[in-house]
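Feature list (source: TrEMBL):
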type	residues	note
BINDING	B:Lys7, B:Phe8, B:Gly9, B:Gly10, B:Thr173, B:Asp174, B:Tyr179, B:Arg184, B:Lys209, B:Val210	ATP binding site
BINDING	B:Thr47, B:Glu74	substrate binding site
DOMAIN	B:275-359	domain 'ACT'
Protein chains: 2
Amino acid sequence: MARIVMKFGGTSVADIDRIRNVARHVKREVEAGNEVAVVVSAMAGKTNELVAWTRTASPMHDAREYDAVVASGEQVTAGLLAIVLQSMGIHARSWQGWQIPIRTDNAHGAARITDIDGSFLVKRFGEGQVAVIAGFQGLGPDNRIATLGRGGSDTSAVAIAAAIGADRCDIYTDVDGVYTTDPRVEPKARRLARISFEEMLEMASLGAKVLQVRSVELAMVHKVRTFVRSSFEDPDAPGMGDPINPPGTLICDEEEIVEQQVVTGIAYAKDEAQISLRRVADRPGVSAAIFGPLAESHINVDMIVQNVSEDGSKTDMTFTVPTGDLDKAVAVLEKVKPEVGFDAIQSEAGLVKVSVIGIGMRSHAGVAATAFRALADKGINIRAITTSEIKISILIDGPYAELAVRTLHSVYGLDKH
Amino acid sequence: MARIVMKFGGTSVADIDRIRNVARHVKREVEAGNEVAVVVSAMAGKTNELVAWTRTASPMHDAREYDAVVASGEQVTAGLLAIVLQSMGIHARSWQGWQIPIRTDNAHGAARITDIDGSFLVKRFGEGQVAVIAGFQGLGPDNRIATLGRGGSDTSAVAIAAAIGADRCDIYTDVDGVYTTDPRVEPKARRLARISFEEMLEMASLGAKVLQVRSVELAMVHKVRTFVRSSFEDPDAPGMGDPINPPGTLICDEEEIVEQQVVTGIAYAKDEAQISLRRVADRPGVSAAIFGPLAESHINVDMIVQNVSEDGSKTDMTFTVPTGDLDKAVAVLEKVKPEVGFDAIQSEAGLVKVSVIGIGMRSHAGVAATAFRALADKGINIRAITTSEIKISILIDGPYAELAVRTLHSVYGLDKH
């Protein structure tokens, strides 16, 4: 017997037929003798519809009212899944965030979970009940519904798993696991059996949109063993109920990964834009003067490259922002130009950031050099490079994205055998 | 300054444009210095969509889960209206039943309000806040959302008006008041300026679908002065903000109606079916033996006519049920035939019940005779008659419905002047 959390995303509960299929997955785990809590998202498209209504009502709407409107999507799915489970003879009950309660801070629209009373759910398990929980939401200190931000149901699931001491948290989605890279770009991409939390964090934030970044952070902190697996497979196919190695990708502590590869995967993020400030005064406080105003304008700055200046007085500063924010960023920078002191702004949109990720890099030299050589061999020009302990990110021109991903995937031996 | 409750039904909040129009009605009352609580229904069609989902999920679904799903419709409207009001500079906030709380009994799907803490809302008024409340729902003793049954938002509004001691409760709908009869049948129908609670109760339960019956009962018990008025008129047209006589129909205590008419209105209910049991044993307990099993099968019996038997041993029993329930009712009766003891069942579907309603009947003789004579003059056959203190109901063949309504409307002088 194990205690497990099962989370199903919007495409997995898009209509009643799919909800029935989800119920069969739940039934399989219940009949295996497990204690099961289920976390659901809104039916696919519902959240977008609700968000659009709040925007039509007023572009500058109140986040507390946005939350009251948008949280209804998950509430509906939870009730419907409970009904279907009951019709299959399973003792199920739906719960909303305010009932358990799942407590959050007051940051409506992007709240963080502060506390979950796991005993509420554990008591239900004792009564043989399957708890079906509306994801993406909790109860703020103002006694109002607070939502966790888009994709928040993943975070709900991991937080609940931590609160009840679950043996694992299964994130069911429309893909069957985490791949070495995007299979639409590189058909030779392989599904990973395991990936460490740290690597997944890099994969998630770099554009492999399988899991919300915050949910991975939370899983890492609380060491929640998290499976990414498909809800579209036959719930009763052989191996689906395997308690140790179910089909999918296990995100876990690196110690659980015995044969660590040097490189685990290749991620990419499109629509990056590069901004270069030429001949910036090289003095203390200049970075703050540049990036402070950008942050205040809610522009997400990603790669930042600053070279040591030749003479210690002037330097070039390069960084990337999403292409959609480029015009806004340039306007902000023109405004602070007198204060910062630089000669010119140069910018370029439509770029791509390709990243090589792997915990094994820590102990292997030459990983970066291999990437640079492989890209050079294909004639791909490198615009900027940033590195961390477990990743190398390379900014290149947009049209070379797919070629670069395939090249790197191959050079590190990630292609299917 | 007055304290008022404004309730808007599904067609009045069907989309964001209509919600904007509703907000203008609210703004008018706020700017007149009133304390305002607003109660809203789900956007037109939403409740039907949610109900259909629960039925598809399982025809025999759990009422507690039905409630969790279906209550979401009002929640969405309340949030959207609060957003629109805020965008107009009005300090508004949405509230769900569990937050106030509006306490109900445990009869999920058809719950009754047991208690509302009016001080919660009065405190908000003191802060200059307009409370936008999700109708149709409250919090059951099991700490779960409980809905009040279809049309329950009218009941929410009246109950809230009673709890906060409101000066009046304005029910905004897609018609501009209560008419002497259905204007689609008789174009000469007049809008009533006032109607007593008792009369409205008869009108509501007899097919004039303006207000939920329970809301009228509640208004009568708590003496809530209730206006039925249109949300589709220009919110700023002359007279709309009249605090004493706004356009619409006032439902009030009969003492407030100075010039009481003998007959106030003509109501009708289509799709009635008549069942006659021939030669029923005329002994104590026979009525219970007939109507008990029908009630247990959730068949709503309406008119009941039993004549005194000639010799004290056998009688005929006639009653009506909705045409849709006829086959089920006959099957139930065939089953209890040995126990009840009767010779035969005769039935007829597609009948119509026409009713003459008026508090003035109490003190005026000959009202019924006038009806019978007028119908006879048109060659309309009367199948059955039941009467109460303030109404006469007559069962006739379906095709004569419109003719009978127009005839009665005219004979009691209700036609437009």
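Glycine residues also receive a Cβ, built from the backbone N, Cα and C atoms like all the rest.
Looking at B:Thr47, B:Glu74, B:Lys209, the binding-site residues in this record, the fewest other C-beta atoms within 10 angstroms of the C-beta turn up around B:Lys209. In the structure as shown, the Cβ atom of B:Lys7 (ATP binding site) sits within 10 Å of 31 other Cβ atoms. B:Lys7 (ATP binding site) sits 12 Å from B:Glu74 (substrate binding site), taking the Cα positions as reference. A straight line from the CA of B:Thr173 (ATP binding site) to the CA of B:Glu74 (substrate binding site) spans 16 Å. Mean pLDDT of the predicted structure over the domain 'ACT' (B:275-359): 89. Put simply, B:Thr47 (substrate binding site) is 12 Å from B:Gly9 (ATP binding site) when counted between their Cα atoms. In this structure the C-alpha atoms belonging to B:Glu74 (substrate binding site) and B:Lys209 (ATP binding site) are separated by 20 Å. According to DSSP, B:Glu74 (substrate binding site) sits within a helical segment. All chains included, 23 other C-beta atoms sit within 10 angstroms of the C-beta of B:Tyr179 (ATP binding site). Between the CA atoms of B:Thr47 (substrate binding site) and B:Lys209 (ATP binding site) there is a gap of 17 Å, rounded to the nearest whole number. B:Tyr179 (ATP binding site) carries a strand DSSP state (E or B). Look at B:Lys7 (ATP binding site): DSSP puts it in a strand. The maximum pairwise C-alpha distance among B:Lys7, B:Phe8, B:Gly9, B:Gly10, B:Thr173, B:Asp174, B:Tyr179, B:Arg184, B:Lys209, B:Val210, the residues recorded as binding ATP, is 25 Å. Under DSSP, B:Thr47 (substrate binding site) is assigned to a helix (H, G or I) in the three-state scheme. Within 10 Å of the C-beta of B:Thr173 (ATP binding site) we count 23 further C-beta atoms, all protein chains included.
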